[in-house]
Structure formats: structure tokens, C-alpha cells
Amino acid sequence: MAEENLKRRKGEDRGREDRQSIQSHEPQRMNLQKQANLFLSPFEITYKNIFYFKVGLITGISMIVGTIIGSGIFVTPKSVLASVEAVGPCLTIWAACGVLATLGALCFAELGTMITKSGGEYPYLMEAFGPIPAFLFSWTSLLVTKPTSFAIICLSFAEYASAPFYPGCDPPPVVTKCLAAAAIVVIAIVNSLSVKLGSYLQIFLTAAKMIIVTIIIVSGIVLLAQGKTDNFKDSFQGSKISVSSLSLAFYNGLWAYDGWNQLNYITEELKNPYRNLPLSIIIGIPLVTVCYVLINVSYFTVMTSTELLQSQAVAVTFGDRVLYPASWIVPLFVVLSTLGSANGTCFTAGRLVYVAGREGHVLKILSFISVKHLTPAPAIMFYAAIAIIYIIPGDINSLINYFSFAVWIFYGLTVLALIVMRFTRKELKRPIKVPIIIPVIVTLVAVLLVLAPIISAPELPYLYCTLFILSGLIVYALFIHLKFSWAQKISKPITMHLQMLLEVVPEEEVTE
């Protein structure tokens, strides 16, 4: 009787998913760990049932805040200031980046509630433009943008974690890179074991980083109340404003905001996505924007522009001047902050690999699910391995520029897809519908961000990035469109061996 009730309830859940998922005519499956078997009796609970978990509103907000507030606000203030060379434009850039991130996230909220598939931009590009742009996005994301982001965050973690052991000098590169690689491995293991474990870790680390954010902001407010306003006088004097400098400033500022679209990568695992996706965005991103502006204000209460540019670690310098002798709190909580950002990035980016594998655009095994833990373990492991490769020659500043150029190409293309589907897919249900002017603004800004550095200060890395993206067309033609038989003969035994080794199966087999 219990088994019949369980099957009936699962059937009802799948029926609800059919009504919600308006972009796909495929049979609905148990997509990862969205099902919450809270109705099971103690006799029906199995090892696998324990790990069913839904991502709710609190976890969604934590995922956005925890992913955005990471290494960026502790690494890029120097780069933003160096681009515009004055306090006033610097603070304006930070606020403008927050507004742009919010507008972009609202566009993604419409897309996420209209097309309730995991994978972020991938399913939206597939629906609007077909498989080729979607494949180019997955090709670039899997091999460039997502692992690069993961590598940058973990390198930042390693620098702050090793700094106390090397006072007065920079830690050896081999130390930071080994620490960064270790962080990637640990985070990948945690997220491969359980969605529930990864989510709880995210909430804890988000709480930890909000503590250090609160400490810095409150300290700055107290200093302002004490009259520490000298560095804000004539704040626009001596600024360097040009197309090139503004684009570089926005690149670095938007890197600190990167993560505003992270919930779109786990739409299938959200509880009530029509409500929780937009609410998480509306609450999370403005909260981050206010924090970022106030943190920068706090920095300038104790440091001049010159002192901030000369600082090896801005947050540590702030702690040394304001919190001494308890200044050790700052690097400790910055380490926890970067770990939280890395965990959120891994949690969501692994789903992109999973969705690409499910669509047949990468090895099929990357869409398999762990039998024991019901997580996309192969996808997460693949993502972590690529990130470790980027750490070997990695330099944070060059990686940020390389990342930002590539990612805004597809942000702009995805928001353009929203505009296109307003006319080509009018029949789709849109629980959230933003004014058309918002996606138009975001698309135009994305075009400017991509073209401005190429026109004003052309460099070879931008050409290399463009060529790499376009090389995906060759891969698509040979392995996806033509489907060479020899490639399938090679991949099939590899898939079988890895399947047995990792104990993973296709997701449709998990429901049976």
C-alpha cells in the first residue's frame, strides 16, 4: 500500500512538473534532487531518500549573496580605482554595476520562470536561436568562463589564507596554487556527496561573510560619524574618464557582482521557482549592491586613493588600521567568504555541465547522476579538473579580463533571446514579464562592454578568446552534427568504464 501511495505521489509531482516546464516536450524525470520525500514513513526511508532536498527561498538568497560576495569585493577595488583614478567615479561605478546586475537578473528571472530548465543561459539560447549558439555557450562556459571563475576565486582564497604565514612579503606562487587546488578538490567532493550538504555549507559560509561585511560597514559608519571625511572632498578631481578606462572599470566591478544569474543554473531544483527565483533576485542583489558601496566607502574613510592602490590586500589593510589588535578577524572571514563564493559557483556550474551532457553536447556520462547521492557528480568532477588546469599558469588580473570579455558576449546574447522570444514565442507562459526597455538596455550595455576594449585598447587575448569561441563551430560540426561513428566507438567504452567506476547512471534510471 505504501509503495502504491509513493508511486501515485511521484506521478502527481511529475504532472506538476509537466505543467510548469513549458519549454520541453520530453518526458519529465526526477531532475536531480528537487523531490522532497517528506511524506515517507520511517519504513519507506532509504539511503537515497535522505538526500532528496529542495532549494528554497532562504537557500536561494544565500546562493546569490554567497556567490556574489566572495573574492571580488576584496580583490577588485584597487582595479576599479586604478581605472578611473578618483573616489567619486569609483563609487559611481560600483553603484552602476549593481544596477546593471539587477536589471540583468530581472531579465533572467523572466527567462527562468518561462523556461524552467537548469543550465542558465543554455536552455534559453536553445529555445530562441537553436542548438548552435547554445553549444557555443556550453563550449565556452565549460572550458573558459566557469572554470576560470572558479580558479580566480580559489586563487584569491589561497592568497588570503597564506598571507598570515608570510608577513611583509607575497606568498610563493607554488603555495597559493597548491592551496587553491586543494580548495577546489574539497569543494567538489562536498557538492558531489549531497545537495543538502552543499546547501547547508553555503548558508553557513554566507552567514560568516555577512559578519565581516557588517564589521567593515559598521566600522566605516562609525568613522564617518567621527568626521573621517577628508578623502571624499573633491572626489571627482583628477579622474580619468574614457571609453577604455570605463570599460575596464566595469569589467572589474562586474566581476565582483558575477553570480547574479546563479539560480538560473538550478531552476529544476528550486522549490516553487515562480515565487522563489524572482524574490531571491529582488532581495539578494540590491542587498549586495548596498553592501558593496558601503564597503568601498569604509575603505576610503581610512585610506587615500594612493594608499588603497598601494595596499597588497585592501581588506587586511583596513583591518590593521581599524580593528587592531583584533585585525586577524579580517583575513579569517575573507577566507570563509571566498570559500562560500567558490562553493556557490561549483554548486551551480556543475549543473551546466550536466545539462549540456543531457542534451548530447558533451560526453553523455557528464549527465549521469550518482546512484548513492543523487548529484551530478561526473559533471562536478569535470568542472573541478578544468579549474585546476587554469590555476597552473593562473594570474588573477589576466583571468578576470579574459573571463569578463567572454561572459558578456553570452549575457548580451541571452538577454537578446528574451527580446526575440517576445515576438517568436508569444504562446509561452510568463509568470514574470519585465518592461521591454530593461532587456534592451542590458543588451546595449553588453555590446558596449564587449566592443569598447577591442576598439579603444585592442589586445591579442581578446582575439584569442574570440577564436576559441568560434572554434566551437568546428567541434559542433564534426562531433554533434555529423556524429562520426569512430568518435562514438571511442566514447562508448570510456563511458561504460567511468559509469562503473563512479557508480553513476542516467537520470531516467534513478526514477525506476
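Just so it is clear, glycine is given a Cβ too, placed from its N, Cα and C backbone atoms.
It is 51-74, from the ranges 51-74, 147-170, that TrEMBL records as transmembrane segment.
Same-chain residues lying 6+ beyond the ends of the transmembrane segment (279-302) with a Cβ under 8 Å from its Cβ atoms: 57, 60-61, 63-65, 68-69, 73, 77, 87, 90-91, 94-95, 97-99, 101-102, 105-106, 108-109, 213, 216-217, 219-221, 223-224, 228-229, 231-232, 256-257, 260, 263, 308, 314, 318, 321-322. Pairs of Cβ atoms less than 8 Å apart link the transmembrane segment (86-112) most often to 432-455, out of 174-194, 200-225, 399-420, 432-455, 461-482.
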